[in-house]
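A short worksheet on the structure shown next.
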Amino acid sequence: MNPQAKLIFTISLMLGTTITISSHHWVMAWAGLEINTLAILPLISKSHHPRAIEAATKYFLTQSAASALLLFSSMTNAWHTGQWDITQMTHPVSSLILTAAIAMKLGLVPFHFWYPEVLQGSPLTTGLLLSTIMKLPPITLLFMTSPSLNPTLLTTMAILSAALGGWMGLNQTQIRKILAFSSISHLGWMAIILVYNPKLTLLNFYMYALMTAAVFLTLNSMKVLKLTTLMTAWTKTPSLNAMLLLTLLSLAGLPPLTGFLPKWLIIQELTKQDMAPAATIISLLSLLSLFFYLRLAYCTTITLPPHTTNHMKQWHISKPTNMLIAILTTMSITLLPMAPMILTII
């Protein structure tokens, strides 16, 4: 892709995100989301492969439908209450339509079908944008409207997301699809706590974005897309592989790594809200995701499975690791001891 075109699309992405997260009026928020969608489409389809074109088409159709629903819910609310302010979403039907629209934007169950397909058809760098930056504006809208959302609906969607994200990721061999189902599972954790403590949702999102960015950039550096190539990648960059192992375990939420912090705080908050059964169910469902993270980690390290594929071992590369990857992986592994300071900030 032309560097100037790439620069324009990247600036448009930042502009769309900034407009949505800083707006008070529903129409401005909608305009920001539209700019975001139009800016990411060329980045998804830049390889001109039929799968990439298909991914871009699916993304466009689902995001357009979600934006139309969002506009419809805000207009319904304005019709009944006379308010266009985002924080004044008080009409119950409007709140339900808004929840469906943002769930479609994010890829929450039952509107998750497009997400793994789109991520599979995108390059790894675009997949990183789809998993992190593109999720920030919808989550910000959920954060601003959280007092008027339906807790039962959100809890149901959250538990279903954690279940399907874990269940459907079990038999995948494509790493981008595994990361897509991992994202759906993490969205479940964000949605379940949204009504009770919205700041925890944002904390969970920031931690998830940090760890996912580390994983995507590491995989992009190693040029790995499938489990079979991941099995033989340890000869190329052994130290980077060891860091990827720890980052994946952190993404799974194992103590004493960074990913344990949001899960721990969410379970604690749910227990305080007399939602111990929901906390138990979502904790048990995260074991499903743990299985495929462990499988990825197992393939990442030198412990090769018994039935190795007939892949050539790759040459060791002695080029220095990208500084950004080093910073992100370090933060993805070591932030848990800083929990008290992070909690004082939020």
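From the backbone N, Cα and C atoms, a Cβ is placed for every residue, glycine too.
All TrEMBL annotations are machine predictions without curation.
As written in TrEMBL, here are the features:
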DOMAIN    23-288  domain 'NADH:quinone oxidoreductase/Mrp antiporter transmembrane'
TRANSMEM  56-75  transmembrane segment
TRANSMEM  95-115  transmembrane segment
TRANSMEM  152-171  transmembrane segment
TRANSMEM  178-196  transmembrane segment
TRANSMEM  202-219  transmembrane segment
TRANSMEM  240-261  transmembrane segment
TRANSMEM  281-304  transmembrane segment
DOMAIN    290-343  domain 'NADH dehydrogenase subunit 2 C-terminal'
TRANSMEM  324-345  transmembrane segment
Three or more CB pairs closer than 8 Å, sequence separation of 6 or more: does that hold for the transmembrane segment (95-115) against the transmembrane segment (281-304)?
no
For the transmembrane segment (202-219), I need the partner stretch with the highest count of C-beta pairs below 8 angstroms, choosing only from 56-75, 178-196, 240-261, 324-345.
240-261
Count the Cβ pairs between the transmembrane segment (324-345) and the transmembrane segment (240-261) that lie under 8 angstroms and are 6 or more residues apart in sequence, then report whether there are at least 3.
yes
Averaged pLDDT, computed only over the residues in the domain 'NADH dehydrogenase subunit 2 C-terminal' (290-343)
78
